Amino acid sequence: MNEILKLEQITKVFETEELETHALSGISLSIHQGEYVSISGPSGCGKSTLLSIMGLLDFATSGKYFIEGHDVTSLTLNQAAKVRNEKIGFIFQSFNLIDELSVFDNVALPLRYHSQKFSNQEIEQRVLARLEQVGLSHRISHKPNQLSGGQQQRVAIARALVANPSILLVDEPTGNLDSKAGDQVMDLLEELNKQGTTICMVTHDPRYADMARIKVQLLDGKVLHAPLTKATA
Amino acid sequence: MRLFLFHLALALKNLKHNKSYSFAVVTTLALTLGALICALTLAFVMLYKPLPYPDQEQLTYVEHQLINGEQKVDGRAFTYPNLMHLYQHHDMFSQVAMQYLDADILTSEPSKPFVEISYVTPEWFNIFAAPMQLGRAFEQSEKVDSYHPVAVLSHQTWQDMFNGREDIIGYKISFAGKTFEIIGVISPEFNELNLAAPGVKSALFIPWDFNSVPESERVRWGNDDGSLTFVGKLPTNINHTQASERLTRLINDNWKLQVAEHNFFDNWAINIVTSPLSELLVQDNKKLLFLLVLGTLGLAIIAIANIANLYLARTVQQQHTLAINAAVGAPTSGIMSMVVAEALILLTLALVLSMLVSELGFNLIRAYLESYLPRAAELSLNLFSVAVSLVILMLLIVFFIALSLRVTNYRQLITTLRSSGKGTKVQVSAKTRKVLITSQIAIAIFLVFANGILFNDAYKVMNKPLGYQTENIHALMMALPSANQGMSDDVMQSFIRELAAHPNVAGVSQSQRPSAFFMLAFTEQQSGRKYSERAKDIDENYFALIGQPLIAGENVQNKQRTEELRGIVVNDLLAQKMAPNGNVIGMRINQSSEVVGVVKSIIVPGQKAPEPRFYFLSRASRNALLIKTKPNQTLTRDAILTIANQVSPQLNIFSYHPIEHYKNNRLFATKTTTSTTLALIIITILLCSIGLYGILKYNSEMRRFEIGTRIAIGARTQDIIKLVCGENVKPLVLGLFINIVLICLGIYIYQDLLNEYINPQVIWVFVMSLVIVSVIVFIASYLPVKQYLKQPVIHCLRGDE
Ligand SMILES: Nc1ncnc2c1ncn2[C@@H]1O[C@H](COP(=O)(O)OP(=O)(O)OP(=O)(O)O)[C@@H](O)[C@H]1O
Ligand SMILES: [Mg+2]
């Protein structure tokens, strides 16, 4: 089975004026195609930090990081942007949709930044397909603030998927949602995984963590408990 | 009210914490509003403030126009006999006075000071109501033809030259070989208005009879002299059209009789134009005032736009505090007073400072521009400026309240708290931001463009090659032994020989400085055509000395001074005018002259283009000399005095200056324009940069998450730069469009005023202004987002820092 992400001894140190925070100390982890991984742990243990390093939103202090076998440990910011665009779909707790853009344009955004230039027709096709997939094809010309929280998060998922990334990185997708909307989003993620999407999700809701097949527990920047993944098994 | 005071105190405390914000607001406003108040006050004083003299609305200036054969105005100055005729025979004014302005050396004083002297008739003191500090003014005993040798001092002269000594009355001073007894000192409150040269302050007042016009000239009907002026009080029942008509008849009829035997003046006439004295003073300055008000207004608007941006950013920064206050039950008015309190403190402070700034401006204007702006002395912080400041303060307060009302929606405030998780924050509406950016860009383009044009124009004039040299050349003017007795030929010639023999001297020419010309009329004999052109008397050394090249024919020759027929030299422009397709050399001028040569024209410093001119041989007794010293050698005033005394005790120095000095004087206005416009361009660019940076920074601050999200999705550096710059292309294009419309409209409406600036270069200046402003806009767009592009995206997505 293809290995998509591989982290080796990743550490992250935040240096502020007075103190150093060791947010991550020596994390090794790999994720394979089609897996559904959850990362959980108490608040402040480093979950978001880990996920943003995996998503190339931030860089590790030390350690090595590979995506699909390529070393991405020390990319320039623009190289990182290209990898994010093509390989990674990121879903944020606060949705991060752009208010001025319609639902359609929000979803189309990654395609516009793609190194491969898509024709308008292709873009429309792919965006509509993704919106269909998240059940929002009837809302394409709405503005994000005209949607409910759950709908907004589904738009964000469509946007994360539109460039056919190798993996979806999801940080507390239900943090800003009520339980019903949260359940809907989780169902959608599960459905996507069934269709073959690789997912790595941060959550501290044990119910949702249980939906993942591989559960990683973090404590104080270390992996407390990681079941053997299929590859190592 | 109690609540408002509480809010004021709170605001004061807040402002102390936000020092850089308060400083930016107060200084920008104080400086620009100060300049605006200064310009408006200046315009008010010049255009509307009554002259500080009794019955000022009746005070009338009389212009004497010499109309030539082609019915064009040939000169605007009085001839001596016409002025006397007007003074003696008018039957319309309730009071009239004459004034002649000149300068001379007070030979009685050890320092031999050179002073401005006004020769006036006694009524002058009544008309201008000159208050006396000591003694008396001129009275009947000093009326015309009384030849009573007395003098009145200005307060300044009394203080500076005589140390304010109390026993000054009765003291005797002398100049030009005559002695005058001091009978009075004018009080310091007096605001002197010199009609011949507004801004010039006389040191000394002498009765009219002693004016320096020689007896021989006093009866010449054809020679006009700009130092002769006339002022009268016109009864209110006569209007200026009637007055002009009646006076024209009075003067012209008499003049025609007097000049009947001179063929030269056939078809010529005199036209008299009266106008209110107050109008005379604004004529030349309207354009300057207009530009000054426009320029400062533009700067003030840019500054206000900048501050509005800062203020909005600050208000948004306060939203959270306001929201909490609203949540705990503060009423709408309470919230409003919180928002307004800060603005009120800052604006009031800025206004007070701006008055200080304008007071400073008044001092600068009085010190440097007094000789250009006749009423500059009356400038001070007056009721008008205070009223203007208060109006500006009110307008600004209303503007800022309206602005905060737009941003701070009370109802929305509470929801901010509730919905804080959902990511919708209260923001300055995108439309307000767009309007601010666009207006700022439009004004900046305009100011840079307008100043660019003035700068370009002045710079060109300043750097125009003059066509002659000024290095090592001094102009020496010898004092005449007495007003009515000329210099003797022999004395002057031997003085010149002695000077030329001095080891430091390279050459001497018996001529005035190169930029001095006077109007002279002549008739070309063959065609009988009449000309009235700029002329100058020179000797044979002149052209070589100043390096003005002769391009055809010969130079004038000193030996011809004794001959019947003398040579004159014309410049290329006059040659072209007199003989468009023939040879000018050999043409006869009047009875006594013949054109023998053509020289290349020179530019008089400060002038845009050369004019037709001619040069004729000076008299052997001419008292003006140009002295060229050898390189690195000088000739002091004392050395000249020593030589002069050896030649004749009669000889005295009137003035001695390097000709660079005159060049600099002539270029003063141009240089002032160049430096002021350059300064204004720089200030505009600075203000505009700060303002645009401020608003665009605020803009990108607001869009931090959006930009972060775009980067997270995969936008590269260039995508983001393209995005932020691209968004400002629209305001830029709009600003450009507004400018094109405004400029075309301006040119259409103020065609006469702007005509001299319209040329193809204007387009380049416009393009340059556009480029400069665009560069600023793009840099200001890029800088605020730079921080997001130079570090991992996560910093941008997290709300901290
Ligand atoms: N920019 C930063 N500078 C300094 N310290 C930081 C920074 N970002 C995170 N940290 C610290 O790193 C540690 C891990 O933070 P992280 O956000 O990854 O926690 P988390 O597991 O996501 O917590 P939560 O469940 O509350 O979201 C925390 O102790 C935090 O204080
Ligand atoms: Mg977290």
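One-based numbering along the chain as shown.
Including glycine, each Cβ sits where the backbone N, Cα and C put it.
Non-local neighbours of the transmembrane segment (B:21-48) in the same chain are 15, 281-282, 285, 289, 292-293, 295-297, 299-300, 302-304, 306-307, 310-311, 314, 346-347, 349-351, 353-358, 360-362, 365, 373, 375-376, 378-379, 381-382, 384-385, 388-389, 392, 687, 690; each lies 6+ residues outside the stretch with a CB under 8 Å from one of its CB atoms. What TrEMBL records for B:21-48 (among others) is transmembrane segment.
Sequence annotations record features per position, and here TrEMBL assigns domain 'MacB-like periplasmic core' to B:26-249 (among others).
Sequence-distant contacts of the transmembrane segment (B:288-312) (same chain, six or more residues past either end, CB-CB distance under 8 Å): 21, 24-25, 28-29, 31-33, 35-36, 38-40, 42-43, 46-47, 282, 343, 373, 396, 399-400, 403-404, 407, 428, 432, 436, 439-440, 443-444, 446-447, 450-451, 454, 680, 683-684, 687-688, 690-691, 694-695, 698, 753. Residues or ranges marked as transmembrane segment by TrEMBL: B:288-312 (among others).
According to TrEMBL, the transmembrane segment annotation covers B:343-369 (among others). Tertiary neighbourhood of the transmembrane segment (B:343-369): same-chain residues 8, 11-12, 15, 22, 25-27, 29-35, 37-38, 41-42, 311, 376-377, 379-381, 385-386, 389, 392-393, 396-397, 400-401, 404, 672, selected by CB-CB distance under 8 Å and a gap of 6+ residues from either end.
Residues annotated as transmembrane segment in TrEMBL: B:381-403 (among others).
If you look up TrEMBL, you'll see B:435-455 (among others) marked as transmembrane segment. Remote same-chain residues near the transmembrane segment (B:435-455) are listed as 291, 294-295, 298-299, 301-302, 305-306, 308-309, 673-674, 677-678, 680-681, 684-685, 688, 691-692, 695-696, 728, 731-732, 734-736, 738-739, 742-743, 757, 762, 765-766, 768-770, 772-773, 776-777 (criterion: CB distance under 8 Å, separation of at least six residues from the stretch ends).
Computed over the domain 'MacB-like periplasmic core' (B:441-634), the whole-number mean pLDDT of the model equals 86. Marked as domain 'MacB-like periplasmic core' by TrEMBL: B:441-634 (among others).
Sequence annotations record features per position, and here TrEMBL assigns transmembrane segment to B:678-696 (among others).
Residues or ranges marked as domain 'ABC3 transporter permease C-terminal' by TrEMBL: B:679-792.
The transmembrane segment feature in TrEMBL is assigned to B:732-750 (among others). Remote same-chain residues near the transmembrane segment (B:732-750) are listed as 438, 441-442, 444-446, 449, 758, 766, 770, 773-774, 777 (criterion: CB distance under 8 Å, separation of at least six residues from the stretch ends).
Taken from TrEMBL, the feature transmembrane segment applies to B:762-783 (among others).
The list of residues near the transmembrane segment (B:678-696) in space but at least 6 beyond its ends in sequence, with Cβ under 8 angstroms from a Cβ of it, reads 24, 28, 32, 295, 298-299, 302-303, 305-306, 309-310, 313, 433, 436-437, 440-441, 443-444, 447-448, 451-452, 455, 724, 728, 772-773, 776-777, 779-781, 783-784. Packing against the transmembrane segment (B:381-403) from elsewhere in the chain are residues 33, 36-37, 40-41, 44-45, 49, 304, 308, 311-312, 315, 336, 339-340, 343-344, 347-348, 351, 354-355, 358-359, 362, 432: each is 6 or more residues past its ends and has a CB under 8 Å from a CB in it. If you look at the transmembrane segment (B:762-783), the same-chain residues 6 or more away from its ends with a CB under 8 A from one of its CBs are 441, 444-445, 448-449, 452-453, 456, 685, 688-689, 692-693, 696-697, 721, 724-725, 727-728, 731-732, 735-736, 739, 743.
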